[in-house]
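Asker: After the structure tokens below, expect a handful of questions from me.
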Amino acid sequence: MYSSYRRTLNHRWNSVIDTSQARSFVALAASPRSSSHATNRKSRSVHTNSRLQPAYPGHIPLTPFENGVLAVGSALMSLIDTRRAGKHLIIFYSGYILLTSPLDMVAACGETTAGPTLVKLRDTMLESPEGRRILKEMPRINSQTLDWQKLRSLPENTFGRAYVRWLDACKVTPDSREPVHYIDDPELAYVMQRYRETHDLYHALFGLKVSALPELALKAFEFTNLGFPMTALSLGASIRLKSPQRARLWGEFIPWAARCGSHARCLLTVYWEERWGQDLDEMKKEFGVWDPPAGITIPRPSRIDLP
């Protein structure tokens, strides 16, 4: 039914994926003590299995066994060290052992555990006019595609203004997301990339800070709204919170996330780039979401209604 845009999918994805961090590896284990020595080491060349050819630039095709190893290893390392990157890994690929560069464990875990969830999300997007246009046009969100001057000139309570205010307050950049490597289907790979690049927009929608407690609250929301297993697995990191924070997470923020996320429209079907000028309160009402309990959001400017 939608073959008109799928025929050009490989060409479009080849033009938007970042290949600078493509690597041929599967992660097994990490050693923090070896990171200073490994930083400047490049991966040795390996014999690539002819059965596994990349489907798009940056793609690292895996066998089911390798995917399982990477899923387990990245999940464990994400819990052991909650820093998103900076780990140097001993890796196994096609019978070879070698060292590789730092990898985002959270990103690897998200890709290797996504499975049928990506198919379901793709199909949900296809059922929405807005979602279909996203899949056809494959927009990207980064510092090159955003019109910063326009966003900063928007009225105070618009979503675009809230987004740049959130970026400034939290001192983050839209260019910090890892490219997709381990998802075989180019269309599903884009769905995962879209999720990564819109994650910060969910932060801005609710005004959530980037510390551990609000991040875990948002992961719980994403699990009920989108269904990624990685977002549920990440809640295991709550054991690293202080006791009062952990009590608030499970007593206040998880219930909010469960109700709000299940009630809300699937946020992957939102063409955010067309909604920068939309009133933030109207947007929340349209999407069926509401603010979380107090204590995990950045201060919001007072709204002044002129006569």
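Note that Cβ sites are derived from N, Cα and C of the backbone, with glycine treated the same way.
According to TrEMBL, the protein carries these features:
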type: REGION; residues: 33-54; note: region 'Disordered'
type: BINDING; residues: H199, D200, H203, E215; note: Zn(2+) binding site
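Locate each feature and note its surroundings.
Answerer: Take the CB of D200 (Zn(2+) binding site) and look out to 10 A: across all protein chains shown you find 21 other CB atoms.
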Asker: Sorted by position, what residues of the same chain at least six away from H199 (Zn(2+) binding site) have a C-beta under 8 A from it?
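Answerer: Listed in sequence order: R177, L218, E222.
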Asker: Whose Cβ, among the binding-site residues H203, E215, has more other Cβ atoms within 10 Å than any of the rest?
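Answerer: Ranked by Cβ atoms within 10 Å, first place goes to H203.
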